[in-house]
Every structure is written in C-alpha cells, then in structure tokens.
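Among the features that Swiss-Prot reports, GTP binding site is placed at 31-38, 58-62, 83-86, 150-153, 182-184. Among the features that Swiss-Prot reports, Mg(2+) binding site is placed at S38, T60. Taken from Swiss-Prot, the feature domain 'EngB-type G' applies to 23-203.
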Amino acid sequence: MSLLHRASFYISAARLDQLPPAGAPEVCFVGRSNAGKSSAINVLCNQRRLAFSSKTPGRTRLINMFGLPDPLAPGEQLGFLVDLPGYGYASVAHREKEKWADILGGYLRDRASLAGIVLLIDIRRGVTDLDRRLTNFIAPTGRPVLALLTKADKLPYGQRMRTVFAVRKDLADIGALHMVPFSSTERIGLEEAGAHIENWISPKVVP
C-alpha cells in the first residue's frame, strides 16, 4: 500500500498559530483556485472525499492537515499533507486576498518542518500572474518543488510537452523544481507524483 493511501484528516486551522508544533515532515499543496488541488490530493491518497473543494471557488479559507500514520509507532505521524487555501479568485474581496497572502507567505517562509511544496498549475492556463506572485514566496525558501500541471488530459501530447517546457522557463527562479503533467480523472502522472511526495516524507517507505 502506498504511504499516501493511509492519509486521514488531522486538523483544520484558520491561522498559522493554530497549527500543531513543527515536527514530522510536511508536504504542502498550493495553487490557484480551480487548479484542481482537492482532486489531486484525493486521487493521490486514493480517497474520494478526503479533501473538499468549495462549491464557490476561492471560499476554502482553512489550512487542512492530513496525517500519515507511522505503522511502526501507533499514534504517531510519519508526516503530513497540508492543503493550503486556494489563492487569487477574482470575486474575493481584496482584504481576504491579503489575509490569504499572509497565511501562504507565512507558512512557506517560516514552517520549519516543510519538506516539499506541490505547486498546482492548470496546464491550459500556464503560469499566470498570480502563480508568479506565489513563486516570490516559494523561491527564497529553497525547498524542493513538484509542479503538477493539472488537467493534462485536456491537451494533446505534443501541446502538453510544449507547455511543460514553457512553464519550466517561467519558473526558472525556483531551483529544485520537478515537473509532472497530471490528470486526476485520467490518472496521468499519478505514480510519478506519488513517489516524489512519498520520498519527501520518508525516503524509506514502509510497505
């Protein structure tokens, strides 16, 4: 069984100071509203309703943590998946956008247990201005980044690969960057992305 398939809900937090103390490795998921973040978490964890997306894009305001139980230490967590609020939806008030920017920036900058960042980008849109703003938070952290180019099934293979090269160029400021075309519905890139995330949590995954 994949390590990620053991994931279960751990805690929700509206503010950074409500998170548990930094400890076990954390992998966070960040992306523009409607980039397919919740769907990606669910398919990676082989669960239909682990992560929820709001019916109104941009309204998911909580940080949601999902624990990955340590099979050798009952009650302990081997690591966490952290679902950060989606950012940048046009209908959200400016004050709310600033609040989200503070949460995203604060978590990425200060969370000592952050082991890796999963950045979700809609492959049909490419890197938007909002994505570039987010890279301003990501690049200085020096953390490794897995860019999932979501909804890859919507593009033919040739166009898909051209977009990969274009996005790589746009994200050149991020040093340790790995890119995977990804589709939650067609399961494109699922195995590669899952293995990458598992390696951040535990280089030696217990079967």
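Placed from the backbone N, Cα and C atoms, the Cβ positions cover glycine too.
A map of Swiss-Prot features onto the structure.
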residue: G31; record: GTP binding site; DSSP class: strand
residue: K37; record: GTP binding site; DSSP class: helix
residue: L62; record: GTP binding site; DSSP class: coil
residue: P85; record: GTP binding site; DSSP class: coil
residue: K151; record: GTP binding site; DSSP class: coil
residue: F182; record: GTP binding site; DSSP class: coil
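Note: F182 (GTP binding site) has non-local neighbours A40, L120, L148, L149, T150, A152, I188, G189, L190, A193, i.e. same-chain residues 6+ apart with C-beta under 8 A of its own C-beta.
Sequence-distant neighbours of G31 (GTP binding site) (same chain, six or more apart, CB under 8 Å from its CB) are K37, G86, Y87, L119, L120, I121, T150, listed in sequence order.
Rounded to the nearest whole angstrom, the C-alpha distance between K151 (GTP binding site) and S38 (Mg(2+) binding site) is 13.
In this structure the C-alpha atoms belonging to L62 (GTP binding site) and S38 (Mg(2+) binding site) are separated by 13 Å. Between the C-alpha atoms of P85 (GTP binding site) and S38 (Mg(2+) binding site), the distance comes to 10 Å. The Cβ of N34 has fewer other Cβ atoms within 10 Å than any other of the binding-site residues N34, S38. All protein chains included, K37 (GTP binding site) registers 26 other Cβ atoms within 10 Å of its own Cβ.
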